Amino acid sequence: LQAMSGNEQDWLALRPQEPSPSQCCGSGCKPCIYDVYEKELAQWERAKAMQDKSLLMGKKEQSNNSELNPDTFTAFSVSSVEQLTEDTYQYKFELPGNSSLRLSLGQHIVLRGVVNGLEVQRAYTPISPGNAEGYFEVLIKCYEAGLMSQYIKTWKKGDVVFWRGPFGGFPYRPNKHGELLMLASGTGLAPMLPILQSITDDEEDETFVTLVGCFPTFNKIYLKPLLQDLARYWNIRIFYVLSQETSLEKLPWSYQENTYTGHLNEDLMKTVINSCRRRPFVLICGSSAFNEDMSRYLKAAGIEENSCFVF
């Protein structure tokens, strides 16, 4: 077999690496990491065919100019870490100057982590308002065995981490829907918060909102002070469904009348929908099992798929 020429080896070294499955976060990003790879591969093949390496110069792995970008990862520094429950943390990231991420509502961004030499990517939704200046915040649940969680748990103030995006989102327009019904399980609360805040910040927006937050126990409800503040608005109601609480007696009295024990099942779903002032448009965010269950219960309650949006 004839030895590969030095030139061939040079070109092979420049060939983009195909992503491993762990690098895809599975959230349907446009572009997905595989799309970015296809684009870079085509660029490499064109450059190789023309034997012109300058055609590859546009290839950027990551940038430090702190502008969020869907194609490349950008470095952001951790400005604070706050533990909310035993496994859930709120991380604040710095934005240079007084810039803002300018996300539209409910958009997610993708985090890149490296654990034991393996690159992992996951999607998270910032909970800070889209126009927040100088910072953004992300709510993250860490799992015992999660690869990304092992990486995230090491973060301290001042650490630099890499994000790309934004992707997805819900095309919210003020007053388009008479009532929004938000069904959120655990950190599925994240994409709901910027939408809620945009409604309460806009005096002209008279959309009613019913938020149903599903958590295991009272102590595991995230961001209680923020939710209590939101619930004071005339057009916002918040219910809690606590799957591992057996009685409401130990709860503060202010929670007793809007909290249910057990699971958000078909009967409770009908009760909630009947209590809505209008036929709601429904937003759903949770695990895939939660999302499937909710879609099924809504269908049974007569809410069509075109009146639902799943994050």
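The backbone N, Cα and C atoms fix where each Cβ goes, and this holds for glycine too.
Taken from TrEMBL, the feature domain 'FAD-binding FR-type' covers 71-173.
Non-local contacts of Ser149 (FAD binding site) by the CB criterion (under 8 A, 6+ apart in sequence, same chain) comprise Cys142, Tyr143. Feature annotation from TrEMBL assigns FAD binding site to Arg122, Tyr124, Leu139, Lys141, Met148, Ser149.
Note on Lys141 (FAD binding site): other Cβ atoms within 10 Å of its Cβ, all shown chains, come to 19.
In terms of DSSP secondary structure, the domain 'FAD-binding FR-type' (71-173) contains 6 helix, 51 strand, 46 coil. The Cβ neighbour count for Leu139 (FAD binding site), using a 10 Å radius over every protein chain in view, is 22. Of the residues the record lists as binding FAD, namely Arg122, Tyr124, Leu139, Lys141, Met148, Ser149, the two whose Cα atoms sit farthest apart are 14 Å from each other. Apart from Arg122, Tyr124, Leu139, Lys141, Met148, Ser149, the residues listed for FAD, the same chain places the Cβ atoms of Leu111, Val138, Ile140, Cys142, Gly146, Ile152, Thr187 within 8 Å of the centroid of those Cβ atoms.
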